[in-house]
Amino acid sequence: MYGWLIAATAALGGLVIGYEIGVVSRIMVPGPFMNYFGLGTNEWMLDPKEAWRAAWVPCSFLLGCTVGALLVAYPSSQMGRKWTMFLGSSLFLVGVIFEASAFPVWMLYFGRVASGLGVGVMSATIPLYISETSESHVRGRLGTAYQFMITVGIFLATITNLGVYRLHTDERWRISFALQSVPCVFMMFALVPLPNSPRWLIQKGDIIGAKSVIAKLRGRNALDPEVHDRFLAIKHSIDLEGRLGGGSWRDLLFGEDIRHRTWLAVTLQVCQQMSCINFILYYGAALWDDQDRKHAIQSWMYELFIGCYTATNIIATIPSMWLIERLGRRWLLILGGLGMSMSYGTAIIASIVFPPEKSSYIVFAALVVTDIFFASTWGPVVWVYVAEIFPLRYRAKGTSLATSANWMTNAVVSIVGPIVFSKLHLTYTLMIPAACTFFMSVYALVVVPETKGRTLEEINEIFNSLRMYRAEESGGSGKGLIGTERQQLLSPTAAQ
């Protein structure tokens, strides 16, 4: 129960992040906000120049996220995961103040970047903290709490903004921005009583503190033999890594013993964003303003689409909390990629075959189904997986780099997406994520080892075994990448 409480509290950062995403989705609809800062006309998604200018509203935030996630390794290692999350929420609060009070456009962009820095710090630290404070048999389930709270935040922002945007004032967007401070401040207070992770405490030499946390996580007394055994297992792993030296950035990228994990984590995070789910969320309402269908859909469909999309996000994330420990990480990624690809394909075919009056509703439904597959698979699983595959000496840097890659890809998709859409429109634009999601499924099938049910130390051994097989194959032994042993390591049965 204590582990669940810790995970739920840390996952409040997901609520903060989700609320921010939900706010941006609403203000990007043509209206007072866009007019106030001169960011675009009522048909900005159809003009490449205006689309480029307007795209910098979400993109400036995402660039801040990229930098924040990349720089988090040092404070995470020195201050601990807990106080690094507090630092991230503080940066976010500063950004919110500038966004809500922005008059010249530079204040808006400064606030967006500052908020992004805070979110980048939190998004790289929260999954790591939850992973290090969870027992192996529920780590995946607790890790999905982060993604679940993101979806709750998006939904709450959507519902709140439906009320805010009915106020008779042209500056109601300031209220939307200001309300982001509520979950942020609540999280800052909730973080204070949380413990640091036992692995970080052991690394820093706080033996008593580490045993105390392990005992609370297991519901035992600190003198219990089971607690002592778990402490010794973690300490042995840390001591072994300590003799290998501190993990440098160069080793992380090019070291023979770790580079495979690094590029696996980075590519999974890139693939998650290439599904284009966040692009649809950011510009969901504006997407319907296509030349071919802007007269075929009533204005109320804008709000209905975003409402259904965000509600589906929450509902579909719940099964992943159970499936991630049943089917495992690998099969969820495989099935999720296939499901998204087929859903995008349905939307594309409908747009080609049927007139706008009919195809618009089919596209609507297909995109909601796409979100169901994402929210129950690639959405939560990638965050869980990346946080558990690195050994301790590389863990902060590895999750930092992978999370930074996630936000960078999100930024690229967010700024290039509207430009592509303005030239190709909806039908041909959706062909890109359809192809990407199919590739994601194949990629997970071929290269992703299963980790469910394993301790972080056992996961380290799995990847070390795969590395040895690769070394044997490159040396001509013929084992390795196509051998039965490797298939056993990749398959879910290896983790049972």
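Glycine too: its Cβ is placed from the backbone N, Cα and C atoms.
What TrEMBL says about a protein is an automatic prediction, not a curated fact.
Annotated range for transmembrane segment in TrEMBL, selecting from 14-37, 110-133, 398-421: 398-421. Counting Cβ pairs under 8 Å to the transmembrane segment (360-386), the stretch among 54-74, 263-284, 398-421, 427-448 with the most such contacts is 263-284. Residues 20, 24, 27-28, 34, 39-40, 44, 84, 88, 91, 95, 108-109, 112-121, 123-125, 282, 396-397, 400-401, 403-404, 406-408, 410-411, 414-415, 417-419 of the same chain sit 6 or more residues outside the transmembrane segment (54-74) yet have a Cβ under 8 Å from a Cβ within it.
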